[in-house]
Amino acid sequence: FCLMAAPGKVAAFRLPPLPTIGEIIKLFRLKALKQLSQNFLLDLRLTDKIVKQAGELKNAHVCEVGPGPGGITRSILSAGVEQLLLIEKDARFIPGLQMLSGAAPGKVRIVHGDILTYNMEKAFPKHLKKSWEDEPPDIHIIGNLPFSVSTPLIIKWLENVSKRDGPFIYGRTQMTLTFQKEVGERLTANPGSNQRSRLSIMAQHLCTVENCFVIPGQAFVPKPEVDVAVVHFTPLVQPKIQQPFELVEKVVQSVFQFRRKYCFRGIETLFPENGRLKRTEQLMMTANVDPTLRPFQLSMSQFRNLCNAYRKMCDEDPSLFLFNYREELRQKKMSRNLLGSAGQPEQTEEQNQL
């Protein structure tokens, strides 16, 4: 319901008195499932703090991923949103969320489904769409993600950012999500940092990524073994590497294949054995990248140069992009076995690392 407002002022939305999150958990006999890496956040001051990182939500449209017992849901509703879409995979939480929906008539839509397969292109009204070059639309994605889902989901959404589809068909939709602290550090790591990884490049070349704050593990029920980072993403108008997502991902994955070795060692895995050394040298010279740098030392501009040079080589030889280093190793191993080499062949260092 709405509180009475002073003349000339818009009424502020307030939830009516409701059972606490702890009481909801007891009422519906909810239990966090370890196999789904579920952890409940009961402290509404912390859920308010997470929602605050999303920015101004008054009259915005929000999708909350994995609301669970509804702690963050309450904070989102209290921020005065226009509409809230809840996507929850675990059917046990639906009755508690329906109770919240009843307390905010007309504001909440509940979908029992998996965010990894849900079609986000029809999640919000068409009139909210904005041009990519404009300010971000009045749409936000917020979620306390299960650890098992967080990395594949952010990679999926980064691909959506690159292709401007999924939740980004509406424009540069902002995201405020939780990750294991270590994953949050990877997402925001700078060149030279030990946490610099594939995730750092894939996220930062497409988005402004901000590690907002860390929530101690003891704030969750049950307590996870790690602390949790709250990370905010705003898609960039222009990606820092202007190449297809699949190409960037292949180059970045290859570079970080052997993160403790010189970067040329990972870059070699982009090329078939026949002519590998020559092509690796050609790529590194064209990109003007020092082959003795470690992968985590490379800057974004150096990754951009590598991707651009690799794209040029793929344009000249279309079969190159289809080459798969792991498949080549597998074929070589099969050949050795067929030749009847004595005993089980030893794995190479490269195979062990892969």
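Here the Cβ of each residue, glycine as well, is placed from N, Cα and C on the backbone.
Shown in sequence order, Thr47, Gly71, Ile72, Asn144, Ile215, Ala219, Phe220, Val221 are the residues of the chain, 6+ apart in sequence, with a C-beta less than 8 angstroms from the C-beta of Leu41 (S-adenosyl-L-methionine binding site). TrEMBL lists Asn39, Leu41, Gly66, Glu88, Asp114, Asn144 with the feature S-adenosyl-L-methionine binding site.
Here TrEMBL flags 46-237 as domain 'Ribosomal RNA adenine methylase transferase N-terminal'.
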Next item on the list: Using all protein chains in view, find how many other C-beta atoms are within 10 Å of the C-beta of Asp114 (S-adenosyl-L-methionine binding site).
Entry: 12
Check: The record names Asn39, Leu41, Gly66, Glu88, Asp114, Asn144 as the residues that bind S-adenosyl-L-methionine; what is their largest Cα to Cα distance in Å?
Finding: 21
Checklist line | Intrachain C-beta neighbours of Gly66 (S-adenosyl-L-methionine binding site), sequence separation six or more, cut-off 8 angstroms | finding: Ile87, Glu88, Lys89, Ile115, Gly143, Asn144, Leu145, Pro146, Val149
Item checked: Local confidence of the prediction over the domain 'Ribosomal RNA adenine methylase transferase N-terminal' (46-237), expressed as mean pLDDT -> 95
Notebook entry, point to check: With every protein chain in view, how many other Cβ atoms are within 10 Å of the Cβ of Asn144 (S-adenosyl-L-methionine binding site)?
Noted result: 26
